[in-house]
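Report on the structure given below.
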Amino acid sequence: MAMSSSITAVSRLVHLTPSISNPKPFLSPKPLFTLFSLKSSSYSPILSSSSLNSSSSSSSSAAAANSSITMSYDKQLVAAKKAASLAARLCQNVQKGLLQSDVHSKSDKSPVTVADYGSQVLVSFVLQKELPDQAFSLVAEEDSGDLRKEESQETLQRITKLVNDTIANDGSYKVSPLSEGDVLTIIDSGMSEGGPNGQHWVLDPIDGTKGFLRGDQYAIALGLLDEGKVVLGVLACPNLPLESIASANQTALNKASAGCLFSAQLSCGTYMESLDGSPPVKVHVSNTENPEEASFFESYEAAHSSHSLSGSIAKKLGVKAPPVRIDSQAKYGALSRGDGAIYLRFPNKGYREKIWDHAAGYIVVAEAGGVATDAAGEPLDFSKGRYLDLDTGIIVTNRKLMPALLKAVQDSLKEEVLPSL
Ligand code: AMP
Ligand code: MG
């Protein structure tokens, strides 16, 4: 059922934009990325994207060399990095000159911007362009409902222009401009239900929209599920500096110019590069076992996660540093490179976490040696559809600190009841 809705969306897309349905393998007119051997500590280049569409013997032999890898997702990873980078470019341009008219309220009163929609269109477009031979299923946050209303005409035109300009400036895809109808159809390609069977992309086109609106942290978060497990994840964090933010305050963060791209594939580790294309470096979570040396991340928005509960957990654990409060899955990215050792997330009772708010971050941290569980210590289960079914909250840290953290969480939860939504 999940697959059938997305296949319908794609076939409508194919009907509307014949250029997207071209079954010939896509050949980039210029190299998009240079891949680096994931097994090599010296990061020697092994192939460029211009060879990606022929079968990649180097990458498959690298994968075969590791007996724990049963399946390589190299091609999907390249496509995901391209998709998230292009979406990040659109978001950066919108954030630079955000207009009042670019921001709208969804039915649940949460904000959505032209960049959320534009990012979702670009990611879906690029994935389908780069992987033309693969069945496409996308579980994504936005849908076209509000944009189909009469009063949204101008907004839809603005999104369509932003997407077409971004594709044209990039120059990788020789396609005629997308129409407004194409844009609506592509947005709705994200309506898959996911689930335990087959492969599903999972996208938050702008995670941390409130941070995006403040000019702070946000992320384009893209993961891939295979048989219910997260096997790949990419986090584009346009406002996250390449340097550690362990003790940075928000003002210092806002001055950062770079922007990071984290990428992880099952059994291959987590890598970070700059959004403007520096060589990837392998990252690892902090290996501290001493809570006194550990700092912790939490949401900037107190409405998303109880600051008082995390304060009590940190105190019980013996954490000395003040919390680092930033928006979005940039927290998972920062944790994966050891900027802090703990991430605590405790929404109000009754809040249902969505898979796109955690899938990419989950594997970015796991492949960097960390672990994310619910408040009962159970692994996160991404196979249940669009929502995570979990107990109370999400906690993330390294393997050494997890037992002590779990005890502090459970003790604190006995003393403090989370408010209901
Ligand atoms: P963060 O930036 O880490 O606070 O998380 C951002 C995400 O929180 C958004 O993408 C929303 O999906 C999600 N969110 C929205 N409302 C709530 C809520 N009441 N409690 C927890 N998370 C929420
Ligand atoms: Mg989100």
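Note that the numbers count up from 1, one per residue, in the order the chain is shown.
The backbone N, Cα and C atoms fix where each Cβ goes, glycine too.
Bear in mind that TrEMBL entries carry predicted annotations, made automatically and left uncurated.
Per TrEMBL, Mg(2+) is bound by D204, I206, D207, D357; the candidate from E141, E142, E292, E293 named for the same site is E141. In sequence order, L203, P205, G208, T209, A219, A221, S328, Q329, K354, W356 are the same-chain residues whose CB sits within 8 A of the CB centroid of E141, D204, I206, D207, D357, the residues recorded for Mg(2+) being left out. When Cβ neighbours within 10 Å are tallied across all protein chains shown, the highest count among the binding-site residues E141, D204, D357 belongs to D204. In the three-state DSSP reading, E141 (Mg(2+) binding site) counts as coil. Within 10 Å of the C-beta atom of D207 (Mg(2+) binding site) sit 30 other C-beta atoms, taking all shown protein chains into account.
Ligand 2 lies within reach of D204, D207, D357 from the binding-site residues D204, I206, D207, D357, judged by a C-beta closer than 6 angstroms to any of its atoms. Every protein chain considered, the tally of other Cβ atoms within 10 Å of the Cβ of I206 (Mg(2+) binding site) stands at 32.
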